[in-house]
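Per Swiss-Prot, the features are:
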type	residues	note
DOMAIN	18-257	domain 'ABC transporter'
BINDING	Gly50, Pro51, Ser52, Gly53, Cys54, Gly55, Lys56, Ser57	ATP binding site
Amino acid sequence: MTATSSSESPDPNVDVCVSIQNATISYGDFEAVKNVYCDIPRGQVTAFIGPSGCGKSTILRALNRMNDLIEGCSLKGRILFDGADLYAPEVDPVEVRRRIGMVFQQPNPFPKSIYENIAFGARINGYNGDMDELVERSLRQAAIWDECKDKLNESGNSLSGGQQQRLCIARTIAIEPEVILMDEPCSALDPISTLKIEETIHELKKSFTIVIVTHNMQQAVRVSDMTAFFNAEAVDGESGKVGYLVEFNDTDKIFNAPSQQATQDYVSGRFG
């Protein structure tokens, strides 16, 4: 397996939001992704790309400790958020997930009204402000207010797939995170809905740091400032493939002037 990855030397002027430091994630005895170093800048969109099974979603879930919910999953190395170790014993994973929200691959509205989809999480997190204002602001930020302002009492499941995904984004925004993780948020959507999500991402990065996993390389080009390319290779004695970070750089450099041949091969469609 390729043991090294390529990225620009750390820029002291970059405000690092999340720092992944020599992270290896295992399921039982199997190492799913190994030795990942990556500094995610604040206020930008970072895309994770790579073929299936390369560990990009595993790393994404580690950023807000969603992997804690998978039996047998363990982390070696460190993941720092604002300089603090997310996996330190005193850290509450529930609070981590509030500050680092997640939007999943399949839209998953709560079985509640559109209004309550937004208000529910804020309420249980102790929000004491104007709930109507919070609901409207969150729906506006997710670019769905105009489409649902007259049916807030209707079920979230009555919306189209693309609208449901934007509702889920609004639900995430409502608990006021600092980072939003998106795991293939457009994979189940049609091109028009995908475009709306991408336009929403461009607006959201004004207020949030965003990390998105995508198989759609053109989507990575359209929405991201930085791109991390992951790959996977078989290891002697292992039944599966181990993922690793090949290269992390400005999106323009990854797609137009990559420093690694594997990156060039992937972004040019030679494998994947």
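Any Cβ shown, glycine's included, is placed from N, Cα and C.
Of the listed binding-site residues, namely Ser52, Ser57, the sparsest Cβ surroundings within 10 Å are found at Ser52.
Every protein chain considered, the tally of other Cβ atoms within 10 Å of the Cβ of Cys54 (ATP binding site) stands at 26.
Listed in sequence order, Phe48, Ile49, Gly50, Val213, Ala228, Phe230, Gly243 are the same-chain residues six or more apart from Lys56 (ATP binding site) with CB atoms under 8 A from its CB. In this structure, Lys56 (ATP binding site) is part of a helix by DSSP. Around Gly55 (ATP binding site), the C-beta neighbours below 8 angstroms that are at least 6 residues distant in the chain are Ile25, Ala32, Val33, Val36, Phe230, Ala232, Val242, Gly243, Tyr244. Within the same chain, residues at least six positions away from Gly53 (ATP binding site) with a Cβ under 8 Å of its Cβ are Ala232, Gly240, Lys241, Gly243. Taking the Cβ of Pro51 (ATP binding site) as centre and 10 Å as the limit, one finds 16 other Cβ atoms among all the protein chains shown. Apart from the site residues Gly50, Pro51, Ser52, Gly53, Cys54, Gly55, Lys56, Ser57, the chain places the Cβ of Phe230, Asn231, Ala232, Gly243 no farther than 8 Å from the centroid of the site's Cβ atoms, the recorded ATP location.
If you average pLDDT over the domain 'ABC transporter' (18-257) in this model, you get 95.
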